[in-house]
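Colleague: These came from TrEMBL, pasted as-is:
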type	residues	note
COMPBIAS	196-205	compositional bias 'Acidic residues'
DOMAIN	58-337	domain 'Band 3 cytoplasmic'
DOMAIN	387-933	domain 'Bicarbonate transporter-like transmembrane'
REGION	188-207	region 'Disordered'
TRANSMEM	419-439	transmembrane segment
TRANSMEM	451-469	transmembrane segment
TRANSMEM	506-529	transmembrane segment
TRANSMEM	536-554	transmembrane segment
TRANSMEM	619-637	transmembrane segment
TRANSMEM	657-675	transmembrane segment
TRANSMEM	695-722	transmembrane segment
TRANSMEM	743-767	transmembrane segment
TRANSMEM	824-844	transmembrane segment
TRANSMEM	875-892	transmembrane segment
TRANSMEM	898-916	transmembrane segment
Amino acid sequence: MTKRHFNNNNQINAIDRGDLLLDPVTINQVINLGNHAESPVENVRRLVLLHPEDDPLIFTEMMTLDHNGGDKPMWKQSGRWIKYEQDVEGAFTRFSKPFVTMLHMQGLMQAKNCLKKGVVLLDVAEIAFEDIARAVVKEWGQRGLVNSVVADIVLQTILSPKHHLGTIPGENYFGKSAGHVRLVPDENGGAKYAENEDEEESDDQDLLHHPQPLRDVIKGNRRIMKKLPANTEGAAILTGCVSCLDRAISAFVRLRVAQKLYPILPDLPVPVRFIFLLLSPSENYHNERMSIARTIGSLIADEIFRKVALHTQEQHTLADAADEFISQIVAVPPGKCSADTRWEPRETESKQTRSVGMLYATYHDDDEEQGDQAENNGHGSIVRTGRLFGGLVQDIKAKAPWYLSDYTDFFAGRMSQSVAATIFLFFANITSIITFGAVMERTLHHQMASMEAIVSGGVSGVIFGAFSGQPLNILSATGPTLVFEKILFDFSVGNGWEFLPFRCWVGIWIAFFLIVLTATDMSALVGLISRFTEEAFATLISIVFIIQAFQKLLEISHDAPIVADPREVYESPCFCHLNETNPLHNVTVSLRLKDMAAEECEARGGEAVGLQCHFKPDVYMLSVLLTFGTFALAWGLNNFRHSRFFGSTFRNALSDFGVVIAIVVMTMFSLTVGLDVPSLHVPQQFRPTLDRPWIVDISSVPLVVAFIACLPAAFYTILIVMDQQITAVIINRKDNMLRKGEGYHLDLLCIAVLVLICSFLGLPFYVAATVLSVMHVNSLRVYSESSAPGEIPRFLGVNEQRLTAIFAHSLIGLSVFLTRVIKLVPLPVLIGIFLYMGVVSLLGQQFVQRIALLFTSVKHQPDYSWLRSVRMRRVHLFTIIQLLSIGALFLIKHTKTISMIFPLMLVFMVMIRMFILERIFTRSEMASLDDLLPTFKQVVMPKSARQQQREMKELIEHKPQI
């Protein structure tokens, strides 16, 4: 490290005779921004590299000297920093909202001058504030900055009473005595002040006789204390005017061991590490003093300067750290804002990574850089091993260390989040499953219905949740599988075969194909699935969810239609047309009975005719109200997490249970109104829909059927693989910050086993449902607890565990025995949840943002990062191509005659991305709008061969691996 020592006391005195505040604005100043070997920035970089450990957070308080109109002076708090600045305002009654400090260049240069030429005391051993103040004044005296008379006045000024916001001098609001207050770690990794419950309750009682603003500040400080890390330290900045001085003087003090000076300094009971003093002889320097003090506060809040201040042993390195700080400054043109401008923290700023000095420009081979990016964005970590079941073995090895935590993490963090996710998954999935079962019952002529769908949901979901590679995927019924079931049914009936035995043989072949794909590591082909394909598939499924929600809502109007003219109902009474046979005379008599309930008429075999028979006034309008009310309530409570009302704990809890609360509230509203709103039709007996045993007899069809079944099984396998793996790719995106691995091969093996089980039991085949899986991940997202006022919670990842899926699917399997409870929830409420899931999963996609850009003028376009490097025409072209692809998928899916080729269209989407878009758009455009893809050869090449190829290339080109 470069050392620059002063040779003798004459040099020190020469420096001290300068004016700390005037010199920076009257003498030419040098700012060192370069990264060369002997630069101040490089000096800071070396010190930072020598101390890679995490440093404690610093809570900084700024106090200014108030002379009280000539009376005894008093230090009053004027601001504070944890990460952002807060000023005291409102006639000393409250703190401002946190904001990013705006600094003047003059203040920066003056602060640097104070650190370079002012008094700097490192590793001071004193433990009492009075002793520290005496040490500082003594140093000023030794440097000839104050004489003995002035030194006494300055010392008494520094020791003047301290008045913090939220306190009355002489009182302690963190316990009966300062000795009772200490930072200790809590169970969440934060810190709290050590008081027993009796003392805390007593302190709350003591607050009652104080004004409300004072009570609010004290309670706010207590909340901050509970969030601060256990090793938090403090800093104090004292600035004021002392008229007997002949020049400005400053001192930067670092204590060898952080000392508890509370309640003197600061306003929170944290041990103090730094003290900065700045005194001037005239009030004319007030603005300069405040600017310097705010600059010092911002420096201490900066992680790089803080590390230097904590570890340096040389004064000049502090000035170097100020130069490094200046090298990172972003200038604002004059007249656009002032130092008084309050810039609220935003999420984009909180994501920026702080680096030392100006960033180095690194130059790589373009092809190599793009190849690495393609591999990372295209799930390049999933590669073929070249060994039989090699990928499966790797998945098991990768998942084994996490397996126990997959269960215990359900109880980690906010358990309310896991419980809410479980309840939400249950209601959302059982609605889809029962609806799927009802459609299947009509389509397959009672071969499979709601009972089989529920049993499959319970069995498949629990097994997949317990043993899969990615348990965040939620298995459920999907539309494409229903299309294939209909095709298989028509094919078997047309050839005179029993449907379930023929379907069982198809399932056996599907399981065989899936095992072969697992054994040969063909799941590595997911590397060819990019955002283009993901968004097309996810958008299609989301739109289907929204359409189905409106279709189900419209179906209610068939049983409870809206009657525009009530007279039509009055003029059309209910008659029961009934044919009864007289056993004595063996004569059938046709009866037309009036005022008989429609249910009773149909139970006796008659036909109820007339509008009054099934007239249910206001049921449909109430259903519409329940659907959109549930959607609005769930949407509002989900977004309530990011609102500014109430505390973060309450907001998080309310958002976690947002969907559950919406279901409960709208159900209670429906019960209060009392209308006969339809509910889910859950089977009440545990037995197959047909009168058959649970195990399918595959010997009831000719043996040749077993070989014929392989053809439809091949198409069905493509559908299952694409459905499962596209959803898995969406869940495993880097955006979700998953840490426990993907498990594509293990997932496919689990699906193969489940297909085999469901084939012999005559149950529907379930695969990962895109919308449900995305909602599952969203419901388990974890954010950082803000430890500093104004700090925006950062997305930390997802609470990856298995029990939410296992518990939810267990409840689905047991729903046959929970019929009374499930029937309490109106069907329109569950339709509202369907609508909510479709809309939420749809709006979270870049594709929707690009669709909105088609109708947005240039001056009102949002500042998306991917929009900065691509021309708008090219963005629109990419969007239109993707829109046409989604339209083609939707058309094929809903056209019965060609719906069988739907899985092939998903494969065709991948080919469009690989061969057509690569020729239309440049690689830089694709990197912005999509993911860069590896070549097919790179995907199918075994890992060992690929590594050898890279090593050979590096050896030839003599390039070191970075």
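Numbers here mean position along the shown chain, with the first residue as 1.
The backbone N, Cα and C atoms fix where each Cβ goes, glycine too.
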Colleague: Check the transmembrane segment (506-529) against the transmembrane segment (695-722) for contact, please; criterion is three or more CB pairs under 8 Å, pairs 6 or more apart in sequence.
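Modeller: Counting Cβ pairs under 8 Å (6 or more apart in sequence), the transmembrane segment (506-529) reaches the transmembrane segment (695-722), since there are 3 or more.
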Colleague: What mean pLDDT does the predicted model reach across the domain 'Band 3 cytoplasmic' (58-337)?
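Modeller: Overall, the domain 'Band 3 cytoplasmic' (58-337) comes to a mean pLDDT of 81.
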Colleague: So are the transmembrane segment (451-469) and the transmembrane segment (536-554) touching or not, going by 3+ C-beta pairs under 8 A with a sequence gap of 6 or more?
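Modeller: Since fewer than 3 Cβ pairs under 8 Å link them, the transmembrane segment (451-469) and the transmembrane segment (536-554) do not come into contact.
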Colleague: Check for me, if you would, whether the transmembrane segment (536-554) reaches the transmembrane segment (695-722) - at least 3 Cβ pairs under 8 Å, residues 6 or more apart in sequence.
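Modeller: Checked: the transmembrane segment (536-554) vs the transmembrane segment (695-722), no contact.
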Colleague: Short question: which residues 6 or more past the ends of the transmembrane segment (898-916) have a Cβ under 8 Å from it?
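Modeller: Answer is 480, 483-484, 487, 528-530, 532-533, 536-537, 715, 718-719, 722-723, 726, 881, 885, 888-889, 892, 930, 933, 936.
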